[in-house]
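> Mind having a look at this structure? Questions to follow.
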Amino acid sequence: MRILIIEDDLEAAEAMRRGMTEAGYECVHAPDGVDGLAAAQKGGYDVLIVDRMMPRMDGVTVVETLRREGDATPVLFLSALGEIHDRVVGLKAGGDDYLVKPYAFPELMARVEALSRRRETGAVATTLKVGDLEMNLIARTVHRAGAEIDLQPREFQLLEFMMRHAGQSVTRTMLLEKVWEYHFDPQTNVIDVHISRLRSKIDKGFDRPMLQTVRGAGYRLDP
Amino acid sequence: MRLPRTFRTTPFRLTLLFLALFAAAASAFLAYIYIATAGEVTRRADEEITREMNSLEAAYRQGGVDALNQTLIDRAAGERPFLYLLKDAKGKKITGSLAASPIDEEDADSEGERWASFKLTETDMDGAIVKRPARGVQERLPGGETLFVGADVGDSEAFVVGIARALWGAGALVIILGLAGGVLVSRNVSRQMTGLNDVVSAVRSGDLRTRAKIRGARDEYDELAEGLNDMLDRLERSMGGLRHAGDAIAHDLRSPLTRLRARLEAALIEVEAGKGDPTKALIQALEDADGVLKTFNAVLAIARLQAAGQAPDQSAFDPGELAADISELYEPLCEEKNLDFKAELVPQLTVKGNREFVAQALANILDNAVKYTPTGGAVMLRVRRRSSGEVEFSVTDTGPGVPLEDRLRVVQRFVRLENSRNEPGSGLGLSLVAAVAEAHGGRLELDEGPGSFDGQGTGLRVAFVMPRFE
């Protein structure tokens, strides 16, 4: 996976680059909006990480320009601004996800991976399959190794998201954002309880658990 | 040279302006009255003189000079206040009460009537010589004689002068009273303004605790003073909040940061000695850092809401639906802790607000309820409309409750009651709820819950009240 980081904070960019290289991704860094736009226009990236406030050209303008030119590369906005309004502006400009600084690296990583995956999976799939777990999106049924699993609507959505990002870490914040559509951090472990309920439904009676807890990051559904 | 303070005030200047306008108007008015009255007095005297002249001419036409002479003698002896002078064709006085005609001889030669105003010299009862205004007419009779008839108009003229004098006096009195009134009013007004100005300069020099005095007159000065005091209250509160937050951030961030640093230092020593587990130390350090970040984000959210004064991106939504959504999020958590969770949501209500912030507020209230209610207790979420039209989200629990004297305090930033220090959390939950409520024109209310039983606490009822949807 090739990632373009457009970020004027050199230290933050370097930390990001190191972490991503460590995870096995190829990273290119552009220190401002103008350079970043030029690099993005050359193409060949799977995900763009774009800081909102930068010298010479701000992130929103960069992404708006790319989208106008027909470039659909997934964009993750980084911003020190955190209000809902800022998020809406970023997403309207063509951003696909939005992360507020300061962020935890696993959060950033999980979101970047989720974005790259989004591109790979076609939107037309009617069934999802991870290991021996099967989900029918039309009949809204779930089977594991042939046995039907009865899920509440929200549990179904939660599992669908986990299956679409199988093999990747997803954070609690991501789940709250993408499944429940709330953009705040609950103080208690509400998400953990939902996950453990889901886990008891899909893993109970099987010797190999699929829903894993990833320390310091969140959860991962393994095949 | 500077004028005394009183004379520089706006009310005094206004008084002067009005007095000047009044004086101009009064002068025009007086002038008009004088001219009209004086003209009328002269006209009347002239009429009477003309009538007398006519009657004398009639006597002359009937009986000639002798009859006229006789009539004049009769009349002069009577009560009539007229002055007469009859002269023959050669200008020699025949009879009359005047020694000489006030009308010049050359002028008298011309035909027709000749009118004149003149001064009459008289000796009054004390023997002093007085001059009185008089008026008269002279005519040449057909036989060549000249007849002058005049009248003393002194009394009438004195009347006019008296009126004018009274009017001028009244004008002067008005101006003096007006000036005095203006000084009094401006003194009074400047006393009010001085009070307010004192408050403003005290605030400017940094004293936020001074307040303007309300005199209870319910006038615009009281209104201004009340507005000023209200503004200062808010300012003081938010400054206090900022100062408190600054201290609290320092306090709340300092301890985890100190802990983080100590742990890293200890780990470094252990690892250097070859007996520590660096991974474990780093994981702990990350967790500590995340805690600091959470606190930081919560403080930032509150500060932004308070600075904006109003929640951004507001829209109308159904509070029951939102509460159902949040219930669904929290219900498993309650179940896990063996709490009896119930929701009573009145459908089809509407509120206006930022759904995201309201959801977060509700989540924070539920977080607290779940956190502080002991296992086996109950949590109840309600949405209803009050008779006032306000919409209330309330969460009632059977936890320890909050003592009356602490209820105001727990809403403040970072305040955590003694017995909750060991629970996880930033101490910012309810502060954020209060900030969200305020940013929607609503409020946060804390009450006693269902009451104590089974040795449990009194419970707590937290109500998040949103204003009526217009």
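Yeah, the Cβs are placed from backbone N, Cα and C, and that goes for glycine too.
Not measured: the values here are computed from a predicted model.
As listed in TrEMBL for this protein:
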type	residues	note
DOMAIN	A:2-116	domain 'Response regulatory'
MOD_RES	A:ASP51	4-aspartylphosphate
DNA_BIND	A:125-223	DNA-binding region
DOMAIN	A:125-223	domain 'OmpR/PhoB-type'
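Mind mapping these onto the model and telling me what they sit next to?
Mapped onto DSSP classes, the domain 'Response regulatory' (A:2-116) shows 54 helix, 24 strand, 37 coil.
The 10 Å shell around the Cβ of A:ASP51 (4-aspartylphosphate) contains 23 further Cβ atoms across the protein chains shown.
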> Over the DNA-binding region (A:125-223), what is the model's average pLDDT?
88
